[in-house]
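*Asks:* Have a look at this one before I ask anything.
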Amino acid sequence: MAGYTPMIQQYLKIKAEHQDAFLFFRLGDFYEMFFEDAKKASQELEITLTSRDGGAAEKIPMCGVPYHSASAYIEQLIKKGYKVAICEQTEDPKAAKGVVKREVVQLITPGTVMDGKGIHESENNFIASVSACSNGYGLALSDLTTGENLAVLIERLEDVISEIYSVGAREIVVSGSLDADTVAQLRERCGATISIEDGETDEHVTIIEHLNNEDITKTFLRLYTYLKRTQKRSLDHLQPVQVYELEEAMKIDLYSKRNLELTETIRSKNKKGSLLWLLDETKTAMGGRLLKQWIDRPLIRVNQIEERQEMVETLMSHFFEREDLRERLKEVYDLERLAGRVAFGNVNARDLIQLKESLKQVPGIKQLVASLAHDKAKERAKRIDPCGDVLELLEEALYENPPLSVKEGNLIKDGYNQKLDEYRDASRNGKDWIARLEQQEREYTGIRSLKVGFNKVFGYYIEVTKANLHLLEEGRYERKQTLTNAERYITPELKEKEALILEAENNICELEYELFTELREKVKQYIPRLQQLAKQMSELDALQCFATISENRHYTKPEFSKDEVEVIEGRHPVVEKVMDSQEYVPNNCMMGDNRQMLLITGPNMSGKSTYMRQIALISIMAQIGCFVPAKKAVLPIFDQIFTRIGAADDLISGQSTFMVEMLEAKNAIVNATKNSLILFDEIGRGTSTYDGMALAQAIIEYVHDHIGAKTLFSTHYHELTVLEDKLPQLKNVHVRAEEYNGTVVFLHQIKEGAADKSYGIHVAQLAELPGDLIARAQDILKELEHSGNKPEVPVQKPQVKEEPAQLSFFDEAEKPAETPKLSKKEKQVIDAFKSLNILDMTPLEAMNEMYKLQKKLH
């Protein structure tokens, strides 16, 4: 560093302590970056890379962003997984001797973003910490924006990854000694930034006083130490650590959460099209976050589920009160995150006005809930603390429409502070004098166009047009500025009043800022109560959300049994909404004694996967306390749900379709219990026909004989339907479809027994593959059916005399010799089909489009 200027040496010294972050180095009105930071930032932010003299032989790479717009650039970097260290000037440059003192005041990371576009209002922003323990792993979670803290002990790394995926943590704090393979899996499979923390805070941390497990304490302390080191400010809003166990809720593994599209769709990763999208009728950001948490962790205790159901039922039966509640909740801002900003010290006056406006709604909400004709509702109302003292404090202190900045005045009401009132009187009196001065000078000089003005450079002035300069008394005015058509003057008396006014205004701004910080500290004392109130409001919001969606979509209150599944006229909730005005075909599902497994056959795209997902989603909705899309629903409490549905192959990590199938099947087979729900869709499709069939049968037999879980198993292997005669708990069902005028018509009805036809080659005809190719496929199919052997290249002329072993939708006599001539309507449908961008659609959207095309043919 010897050859560099003192400022660059200062930069390098600070940068050495933050090697894993972009260092935003404050220089006047800019944050500057140098050396490799500058090169990389210019690429990531698409800003100009320049250079400057730093004292060495070669110029130093440099780029920068304006201070006032830095947050947008920081958000871009954080979104890409980077960290940003904010280095501020900590002394007045005018008073500095030598290089201005600077230090890092905050390290912003993906897991510690507090506001801005970097976080979604209805999503938590958890940061995770993972530690190796004697019996597995410790996992701690903290959301700086809301103050929530969670911790859990987990045996398997797979479950750790699943939990991190569920909460959407974008940053994971680990020890430098954690196994490298574990760290690599966390980074790659969770898509998170990995941060190392080996220090340990020496302060007394009150939010862990109640913990009695050393592994959990160690894991959370590592996370707390990291937060304290990076944020360099108060963490008073952090709530006591809530310890939970995975077994306290329904476990839904990583694969199943993706396959069932609980919170985002598989292909687009968007909320739209997911169960969360369907259910989200919440009115507050807090309620939206809680709803997602409930979907991620359905309940397994019937009494807890029924408590939610009772409140939902009560709200459904009180339409006007529910609508009033929704309107009031709409006026409640994000109390959790407002409390977090108060604690962090970055709250502004508008935030406190939002807090005030929110608190104004609480008494009405409390009274409304108390009026509901249900004992539990009245008990809930009693627990609501309106925080009236906080409301009174804010109403006394703040103007209704304060500026965004807290250092420009106009924050604090008249009458709140005597000294402030005196300063304001001085300022107002001075301005009144200035206003009178203009009239006096006009009368004295006889210049009607004379005016008194103000600017930040010269202060107050008297402006006279050049045509009237001869009317000014010599020696009375001092020229200050010459304009094209006028001159500006000052007088000793004017400067004297100006000094008094500016001093008063400066005092006002300083005192208002001081009073505002005092107000903020007073509000900080109420944070625990505000957080408790936020919890009450978010629960009410989530429950009214269930009541609203249940009534609007005609859902039914589910009942719970020990072992029986009885779903009458069940509907897939998301598909039903996507279909909108089109008629949805409901289906039954009956499982229980001597009927633990359903083997589902039927044509491709007939609705097998939809039916299976439907049962899983109905079960999840029931266990979060919502009503369900069915005429009647009786369900057991499922402890876990496992799925293998769809073609979400993990090609990026090098895993093929078949490997993904086997991994997901293994996860279910190893971890499922008799109280679990298993959905297997087309197991064995990723390998050869006989291998796939053998594995599918072996999996069915193993689940039947060794696990006994409720299982829905769809297959294209018709040969497996004979298992109904061998396995007492297995029953065949099929999706009904019929042939009409040479076209397959999906009826989407689940019926007892096995399917007897398929239509794979017909789909190829619909896709308008060449006629000779279609004809050749028919020949090959017949040859395979005749030989009963593994697929080989058969002779051209088919000789089929016996009943086909594989499913075929058309009988031999009906096989077209060539592609039939298409009608105008059929051609239009095919053109529409070809124009569909299938890769950009979710499975549900694709199914909906196919249904629309099918309707056009009839």
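FYI, residue positions are counted from 1 along the chain as it appears here.
Note: Cβ is positioned from N, Cα and C throughout, glycine not excepted.
Heads up, here are the entries from Swiss-Prot:
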type    : residues                                       : note
BINDING : G602, P603, N604, M605, S606, G607, K608, S609 : ATP binding site
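For each feature listed, report its degree of burial, its nearest neighbours and the pertinent distances within the displayed model.
*Replies:* Every protein chain considered, the tally of other Cβ atoms within 10 Å of the Cβ of S609 (ATP binding site) stands at 23.
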*Asks:* Where among the binding-site residues N604, S606 do you find the Cβ with the fewest other Cβ atoms within 10 Å?
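*Replies:* Least crowded of the binding-site residues N604, S606, by Cβ count within 10 Å, is N604.
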*Asks:* So, three-state DSSP: helix, strand or coil for S609 (ATP binding site)?
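*Replies:* In the DSSP reduction, S609 (ATP binding site) maps to helix.
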*Asks:* Whose Cβ lies within 8 Å of the mean position of the Cβ atoms of G602, P603, N604, M605, S606, G607, K608, S609, the ATP site, other than those residues?
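*Replies:* Once G602, P603, N604, M605, S606, G607, K608, S609 are set aside, the remaining close residues are S714, V735, A737, F746.
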*Asks:* Using a 10 Å radius around its CB, how many other CB atoms surround G607 (ATP binding site)?
*Replies:* 25
